[in-house]
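A.B. asks: Mind having a look at this structure? Questions to follow.
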Amino acid sequence: MSTNPPDLRPDLAAARLTEPAPRQGQPRIGMVSLGCPKALVDSERILTRLRAEGYAISPDYAGAEAVIVNTCGFLDSAKAESLEAIGEALSENGRVIVTGCLGAEPDYITGAHPSVLAVTGPQQYEQVLDAVHAAVPPAPDPFIDLLPARGVSLTPRHYSYVKISEGCNHKCRFCIIPDMRGRLVSRPAHAVLREAEKLVAAGVKELLVISQDTSAYGVDRKHDAHPWKDGEVRSHVTDLARELGRLGAWVRLHYVYPYPHVRQLIPLMADPANGVLPYLDIPFQHAHPDVLRRMARPAKSADTLAEIARWRADCPDITLRSTFIVGYPGETEEEFRYLLDWLGEARLDRVGCFQYENVAGARSNDLPGHVPAEVRQDRWNRFMEVAQAISAEKLAARVGRRMTVIVDEVDAEAATCRTMADAPEIDGNLFIDEGFEALAPGDMVEVVVDESGDYDLWGRLAG
Ligand code: SF4
């Protein structure tokens, strides 16, 4: 998996928090957050709570009295990276509390690092806090330690991930997430909306909806309804998207499966007034029906090309992002070529691709016909070549168009922005390299696209 570039592996992207210096006597905690956007939301919640209790968040090991390592256990390479991060925190600081996905396997962690202070599993917020209280007692100061309006965030202030459910009811053979995180548990819709409303009130301009399976949201709650504003809201992805869209921020949906009811989301995306971005992140993973069957994927029998055509007919500007696995056990050259042809027809806008690898505990490990590493690499190269050509063509078609972008970063060289078609951290950017000096992160501005590359655009502020 090391051949997959990190920018295609959001589940491996690390994030560290930077905070102002603590006041004298204030207890200080460090946080290393590994893993996917879902884990990042967990880190944010833990830090929000610690901050509210009067802890300072240390940007480095030296300034911390203990360090929380939020781990990822999605793939063996991610587990190895998590163990390495724990080792680094132990040698740099010495007092380490482990949480997150890999925390579901405490023996694996304590076997390698017996001196960690505590190991807690995913979403065990209370246990993490108990471990922090035991390691570094709180010293609250009611005049100073007020919870900031938007809490503490590991992501820039102008966008925020919103986790709507935990766990998954599927059993994809290559995935151990259901074993680690359990079956689907959805948050009530009004609780999600209240959190989102607070985020928007505190200045968040873009809400990124995440879960293991966003289209399944609310199935476990039988789509129950709760009072919201002047009416009711069901715990159903369509209701939730519609209400989120009314809060006044961009709403971007991740991890949606191509179930028929997803069609109801498309009209919401087609009208910009609804606030739901015309963007679907759908992890197809493959296109050949036999491979999908061997993967035991949800919605595996869907005619995805017909479904995509339907979405585009209803919302011509929709951006489709997906991820794929090449070299899955038993994948023949013919099945791989089917995938390439499918991609050529589907012409997805944004694509990530992983080479298959075994994960301890995954049922796919026992499948026959494991594909040799050099064949996996070759298929990955061929797949990315096609995906890159499609991306370049699609971006070239945007030259001359006027569009709204959100500013993520401004430095001496340029303003790094994103269009509605680009999710932060995983998609491309639009750069403004002239007349950008007055811009600030979180600004939304109109630009005209001047130039395109394979994955990025360049533009100027519209007059
Ligand atoms: S849908 Fe499949 S890949 Fe996604 S979390 Fe569930 S089991 Fe894993």
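Our numbering is plain: 1 for the first residue shown, then up by one each step along the chain.
Placement of Cβ uses the backbone N, Cα and C atoms for every residue, glycine included.
According to TrEMBL, the protein has these features:
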- Cys36, Cys72, Cys101: [4Fe-4S] cluster 1 binding site (BINDING)
- Cys168, Cys172, Cys175: [4Fe-4S] cluster 2 binding site (BINDING)
- 27-137: domain 'MTTase N-terminal' (DOMAIN)
- 154-393: domain 'Radical SAM core' (DOMAIN)
- 396-463: domain 'TRAM' (DOMAIN)
A.B. asks: In the three-state scheme derived from DSSP, which category covers Cys101 ([4Fe-4S] cluster 1 binding site)?
C.D. replies: helix
A.B. asks: Within 10 angstroms of the C-beta of Cys72 ([4Fe-4S] cluster 1 binding site), what count of other C-beta atoms is obtained when all protein chains are considered?
C.D. replies: 25
A.B. asks: Among all chains shown, work out which of the binding-site residues Cys101, Cys172, Cys175 has the most CB atoms within 10 A of its CB.
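C.D. replies: Counting every other Cβ within 10 Å of each candidate, the maximum falls on Cys101.
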A.B. asks: Do you know which of the binding-site residues Cys72, Cys101, Cys168 end up with C-beta under 6 Å from ligand 1?
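C.D. replies: Only Cys168 qualify.
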A.B. asks: Could you tell me the mean pLDDT the prediction assigns to the domain 'TRAM' (396-463)?
C.D. replies: 95
A.B. asks: Looking only at Cβ atoms, how many others are within 10 Å of the one on Cys36 ([4Fe-4S] cluster 1 binding site)?
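C.D. replies: For Cys36 ([4Fe-4S] cluster 1 binding site), the 10 Å Cβ neighbour count is 22.
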A.B. asks: DSSP says what for the domain 'MTTase N-terminal' (27-137): how many helix, strand, coil residues?
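C.D. replies: Taking the domain 'MTTase N-terminal' (27-137) as a whole: 55 helix, 22 strand, 34 coil.
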A.B. asks: For Cys72 ([4Fe-4S] cluster 1 binding site), which of the binding-site residues Cys168, Cys172, Cys175 has the nearest Cα in space?
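C.D. replies: Of all the candidates listed, Cys175 is nearest in space.
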